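Residues or ranges marked as compositional bias 'Acidic residues' by Swiss-Prot: 39-48. The feature compositional bias 'Low complexity' is assigned by Swiss-Prot to 67-79, 121-139, 198-216. According to Swiss-Prot, the feature transmembrane segment maps to 276-296, an assignment based on sequence analysis. Taken from Swiss-Prot, the feature N-linked glycosylation site applies to ASN399, ASN445, ASN486, ASN568, ASN593, ASN721, supported by sequence analysis.
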Amino acid sequence: MASQRDLTSNNPHFHISSSRNNTNDDFNSDHNPRNPFGDEPEEEEELDSASFSSSSQNNQPHHPFATSNQTSSTNNLHSTNSIRNEAEYGKPFQAYSGYYSNGGSSSYLNQEGVISDESRLLSSGNNNNNNNNNRDVSSVGGGGGSGDNRLNPTSPAEFDRYPSMAGSRVVSSTSLVSFNNPSNMMRNHHQHQPHLGSSSSPTSSSMNNDSISDKSTSPFPNDFSPFGGYPASSFPLSIDEKEPDDYLNNPDPVQDAEYEKNRFMHDLKNMDKRSLGGLIGFIILFIAALAVFIILPALTYSGATNPYHPESYEVLTKYSYPMLSAIRMNLVDPDTPESAYKKKAKDGSEWVLVFSDEFDAEGRTFYEGDDQFFTAPDIHYDATKDLEWYDPDAVTTANGTLNLRMDAYKNHNLFYRSGMVQSWNQLCYTQGHLEISARLPNYGNVTGLWPGLWSMGNLGRPGYLGSTDGVWPYSYDSCDAGITPNQSSPDGISYLPGQRLNKCTCPGELHPNRGVGRGAPEIDVIEGEVMTDSSGKKENCGVASQSLQLAPMDIWYIPDYNWVEIYNFSVSTMNTYTGGPFQQALSATTMLNVTWYEFGDNAHNFQTYGYEYLNDPETGYLRWFVGDDPTLTVYSQALHPDGNIGWRPLSKEPMSLILNLGISNNWAYIDWPSISFPVTFRIDYVRVYQPPDQINVGCDPTDFPTYDYIQQHLNLYENANITSFEDGGYKFPKNSLIGC
């Protein structure tokens, strides 16, 4: 017998050369591969169970009283072991005839130290079976020619996922025993060993059982891998052979530490072509940058370091250019025609022009600090629940007019954007004649828009509710129920919190000038609206609402009409709206011409709107105009004491100007389909006249100061999100009427 071992072989093949006549094809030819983990035939179940029933009998010493038959059987088993130990390994690995070459199960799983078990199984099989000498290999698995052929080369076994490598030391005895059919092997071996005892002999049977139950002498445990039945020790990753990726699967801590110390040099020595190309490209870019930013400037340096010497030039003109074109040196606009420098008052006297703005300078902007006289706030006018956001972008000057543009542009989660300008704390005046020339937006018969030209006392800033809380629209100089919350009336005539800066404010409380009732009354030059006929018989017509907003209120909001004049009942009438719990409105409405609007089939002209007032308690009056025609006059006596309140004088506060274009459901029904966005409210000029002997222009007059008080409460005038006086961190001043 000869035994050769080819390390490239994957499947061990057994070839037994003997002088004895062996007719068993299972040993004379290459063994057909089959799954060593396949099910055994039913006739072998008892034998298989016995072969694995004991693990202690493998190393038992020879019994001193064993019979000759037992001794003979033992010698025969050792003889068979000698034959198996000289097994000749098969073809090279690339040409093996196992499972992966035929598409079937791999061949025998060879393991050193297990051949003694197989020899015992063979000798035991010869004692038990004498008749099946030439059993086909295909019947070993118990199928015996049936459709359940476990050696079908096109049907791989259930657990045979990897071929058994030649020379592997870690194939378990379990797989070998289940693969080598003990019954068939014993039958074939019995045919060539006639001297062995029969299976009926008790002694022989006992010896055979001991042989079958002997376990493998393999030093490796019979553990199992998670890959379906193979012992974990035979998993291919544990095979001791070199592969290109072994350094990934079996890292070497020593080599890794050495690599970390010299990572750069190691990578530099072992870089591939791609890495080399990247390195070369980086070097080229570095050299190019060095050449462009260092070498080239150094080569082209001219050495010019001579200091600058002023150049002399010829004076072409003696004209003195202004530093800034927007800066005005006079309150009267230079573009105002001289014919407008004077205005005839109600009593026939001529009042002089004290302020004007013709808006002839193109491209003026009105962001905070941009303009001398007007500022466009960036706020939502929440006092009247407007639907637009006032944005400085919507205000500019062009073609000699101030343009307030409203468009359907989403802004700050509102769907409309428009413009407002106000002269708060920049330009104020006390009594006089205010005249504004304007062209109203959209059509004259479409309701919904709210154009406004108005004025308000400087102690309140329009749109900043914290500043107006308790001062708007008060014009009151008494210490009685008129200064208390709700006017001390339970009937709901007033929801106002009371006059914050009243005449009887306690000492130590903040007040602009203690002892004088202060407030922020409102006088509207015009609030544009449209008169509609509910019957539908008359066409809609634009009207101008001209009002005095005041507090505290008369009973039922009705003043003494004996001191009110209307000049043309065909176009003007007293407003049916006289006020509400937040203000009393002494108002009249005047019909407007359709040609004074932006759109329409007729001409689009500008019209003047204004008011004139004197605040003397005895001779004072307030008169409104549309064009040069007066529409309504209210005398001071119309605001005499009523109920539990006293006189409400015409405003002595410094009044600031407000020009705006709004839209709100609180004002009028909005005819959305008929509004042609964008719409523009255009103002041609603003002019203020005063009696020559009573000129009072400024926001901080001596007798009615505002500056110090505003500075003491500046957050109320700069933060539109503060909606009440107390939200600004202040408390209402105490007064002597309630108790100091």
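Every residue gets a Cβ built from N, Cα and C, even glycine.
What you see is a predicted model, and the numbers here were worked out from it, not measured in a lab.
This view paints the features noted in Swiss-Prot onto the structure.
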residue: ASN399; record: N-linked glycosylation site; contacts (Cβ under 8 Å, 6+ apart): none
residue: ASN445; record: N-linked glycosylation site; contacts (Cβ under 8 Å, 6+ apart): VAL530, GLU539, ASN540, CYS541, GLY542, VAL594
residue: ASN486; record: N-linked glycosylation site; contacts (Cβ under 8 Å, 6+ apart): GLY492, ILE493, SER494, TYR495, LEU496, GLY498
residue: ASN568; record: N-linked glycosylation site; contacts (Cβ under 8 Å, 6+ apart): ASP629, THR631
residue: ASN593; record: N-linked glycosylation site; contacts (Cβ under 8 Å, 6+ apart): GLY444, GLN607
residue: ASN721; record: N-linked glycosylation site; contacts (Cβ under 8 Å, 6+ apart): none
